[in-house]
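**Student:** So that we are looking at the same thing, I have put the structure below in structure tokens.
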Amino acid sequence: MITIIFSLIIVLTIAFNWKMHFRSVSNLLVLNSSFIFFLYAVSCFIQTPLMVSNNNNINLLFCHLCGFFGQYTAGTQIFTFLAQAIFRYFATVLYRQKILLTFRVNTIIIILGWIIPLIISGSLLALPLAYQYESESRICFTSTKYLLGALIASIFIFFVPLTTIIGLYGLILWNLTHFNRFQTDANNIIRYKRNIKVFHNILLIVAIMLVCGMPYMLCVIINIITEAPWILYSIKTLCISLSIALETLVLFFTNGKIKKKLYEKIGFNQTQVQGIQSRRTNHINRNQILPVIS
């Protein structure tokens with residue numbers, strides 16, 4: 001429910017205020033991630049009866065389709081963050097190449113981020129045992145008991161995009177550190193501080209994906225050697241859903257424009273918000289008149 005509520009808030013806020021307030025590539029990427037979060041939540045909702053009933057007599061076609069849709073949406077959300085990492089690399093390192101910051105280029109990247117996991121998830125349908133119902137976790141998903149399907153999903157939908165994201169942010173961090181040493185122009189420093197803030201926010205999301213994705217990989221590795229304990233199946237399923245819920249919350253609470261627009265719509269504590277902003281301004285003004293000691 002958390003994922004559905006907050007992803008819908010982000011999607012609807014950006015969509016209905018696109019022309020006036022949110023027309024930018026970065027907001028398009030946030031919209032892209034939030035929409036796939038919503039679709040993943042829908043895929044979990046579809047399988048709710050399976051989780052409750054714990055019935056092994058499930059229509060095979062229905063199970064395959066549910067497993068495919070769940071795997072596709074779970075995989076695509078990682079590619080949406082890869083698209084954000086690529087754009088952030090363009091904006092931070094290759095910002096002089098203006099064409100890389102356009103809607104056209106980044107829309108192509110977004111489309112590829114939907115097509116690639118579709119091909120990978122679709123190819124698993126050719127493997128009869130890739131998508132199956134696991135009585136331990138009570139869902140139809142890419143089974144960790146079937147090694148080939150689990151490895152394909154783990155490598156191409158999890159490890160490859162995630163390591164690419166980490167590599168890109170490593171290059172961004174190196175660039176920002178190197179940039180901080182040699183650049184002193186006021187506009188460049190402002191851009192540097194903004195990029196650092198965005199870097200911290202998305203680094204948090206990457207950490208969430210990395211930590212919450214480990215139980216699935218651990219389950220695959222243990223099944224190669226012996227049979228994984230049943231509790232690990234439940235943990236891996238819970239961690240995937242928890243990961244996407246936390247990522248949705250991070251996207252919402254780190255986007256000041258979305259929060260501001262939502263508060264305006266519902267009239268939530270506007271007077272208090274203005275008072276807080278006023279006190280911050282006064283605090284800054286008092287600090288500005290203090291002598292600088294070098």
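Using N, Cα and C of the backbone, Cβ positions are placed for all residues, glycine too.
Features from TrEMBL:
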type: DOMAIN; residues: 1-173; note: domain 'G-protein coupled receptors family 2 profile 2'
type: TRANSMEM; residues: 6-22; note: transmembrane segment
type: DOMAIN; residues: 6-263; note: domain 'G-protein coupled receptors family 1 profile'
type: TRANSMEM; residues: 29-52; note: transmembrane segment
type: TRANSMEM; residues: 72-95; note: transmembrane segment
type: TRANSMEM; residues: 107-131; note: transmembrane segment
type: TRANSMEM; residues: 151-177; note: transmembrane segment
type: TRANSMEM; residues: 198-225; note: transmembrane segment
type: TRANSMEM; residues: 231-253; note: transmembrane segment
**Student:** Return yes if the transmembrane segment (29-52) and the transmembrane segment (151-177) have at least 3 CB pairs under 8 Å (sequence gap of 6 or more), otherwise no.
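**Tutor:** By the criterion, they do not touch.
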**Student:** I'm checking region-level scores; what's the whole-number mean pLDDT for the domain 'G-protein coupled receptors family 1 profile' (6-263)?
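**Tutor:** For the domain 'G-protein coupled receptors family 1 profile' (6-263), the model's average pLDDT rounds to 86.
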**Student:** If you count every Cβ pair below 8 Å, which range out of 151-177, 198-225, 231-253 shares the most with the transmembrane segment (6-22)?
**Tutor:** 231-253
**Student:** Give me the stretch from 72-95, 107-131, 151-177, 231-253 with the greatest number of Cβ pairs under 8 Å to the transmembrane segment (198-225).
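**Tutor:** Stretch with the highest Cβ contact count: 231-253.
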**Student:** So if I exclude everything within five residues of the ends of the transmembrane segment (151-177), which remaining residues of that chain have a CB under 8 angstroms from its CBs? That is, six or more out.
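**Tutor:** Residues 71, 74-75, 78-79, 81-82, 85-86, 88-89, 92-93, 117, 120-121, 123-124, 130, 142, 192, 195-196, 199, 202-203, 206, 209-210, 213, 216-217, 220 contact the transmembrane segment (151-177) from elsewhere in the chain.
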